[in-house]
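Engineer: Structure in structure tokens, see below.
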Amino acid sequence: MSAAQVSRSVVKKVLAVETPEGAGATVRRSIGTAQLRNFTPFLMLDNFLVKEGAGFPDHPHRGMTTLTYMLEGEFEHEDSKGNKGKIGPGDLQFMIAGRGLVHAEMPIHGPGKKDPFGLQLWIDLPARYKNVEASYQDRKASEVASAHPTPNVEIKVVCGESQGSEEEGIVKGNVRPLGGCWFMDFIVSKKGERVFQQLPVGWNAFVYTLEGETLIGPSDSPRPLKPVEQYHTAVLSNSDSENGVWFESASNKARFVLVAGEPLKQGVVQHGPFVATSREGIQKAFLDYQMQKNGFEGAHSWRSEIGKRMT
């Protein structure tokens, strides 16, 4: 016998406000603003649209992971460890900064090309993984598994698992992040579609709406379903009795991402692109970067080829 479906509800809703970032770029940020901080393990959520002449030239990272999910356009990346790559529509990249690296992320513009549009999520690393070597997991759109619980709902399962059609069964993502994290992209093409998505009990979770409007919460609750409009982030409740979340599309076209992560029982001290569990850890990150050691070897002399577009 399957367990009863007990839905989470919306406990907080935040509009992603436009914020300058990088070199001439603008992002819509919700997590990481004064309205939504300390939502472990998540550090920041940016919805970016990068026009020609803007970008994210050479900069360092330590102690965290970034998930970049492209929706339109193309991005190139290059780092001080010799890694290079390109991601396009539907592609994604998990970058584990670990003990440190310097990298650049630059848009690709040209005739017929759309401005790069997508999401970047910063995730804290568990303390035991903060000193690992930097690494990547790239996935092409064709490698991302999809679930279809109804004919009008597609769920792109980046990491985690979702119930598909009767023929599909349980669909699992093929990205394995360090620490617990689920990331799914819901695309709905009909108003009134209802879907229950199971979630690990005890994990923190949020929804970010890219298009349309979605209702969230248990339909049998005295509390009304909460609408989550475009560019809003909804933080979900988290009690031991809640094993998932009900969604209902309130528009004929809706798109949103659902993200869940295991809370980390550790300190979080962030200074720009460096994340540690203490102030001493941040001081060490700056010193290591200055001294070009412990992950930042050659950091001052390295220059990315793609970053030269900004000069």
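Cβ atoms are placed via backbone N, Cα and C, with glycine included.
The Fe cation binding site feature in TrEMBL is assigned to H59, H61, H103, E105. The domain 'Pirin N-terminal' annotation in TrEMBL covers 26-123. The domain 'Pirin C-terminal' annotation in TrEMBL covers 190-294.
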Engineer: Among the binding-site residues listed here (H59, H61, H103), identify the one with the smallest other-Cβ count within 10 Å.
Structural biologist: H59
Engineer: Within the chain of E105 (Fe cation binding site), which residues six or more apart in sequence place their C-beta under 8 angstroms from its C-beta?
Structural biologist: G55, F56, T68, F75, E76, H77
Engineer: Over the domain 'Pirin C-terminal' (190-294), what is the model's mean pLDDT?
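Structural biologist: Averaged over the domain 'Pirin C-terminal' (190-294), the predicted model reaches a pLDDT of 94.
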Engineer: Compute the mean position of the Cβ atoms of H59, H61, H103, E105, which form the recorded Fe cation site, and then list in sequence order the other residues of that chain whose Cβ is within 8 Å of it.
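Structural biologist: Other same-chain residues with Cβ inside the cutoff are F56, D58, P60, H77, D79, M95, L101, V102, A104, P273.
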Engineer: Pull the DSSP breakdown for the domain 'Pirin N-terminal' (26-123) and write it out as helix, strand, coil residue counts.
Structural biologist: 0 helix, 62 strand, 36 coil
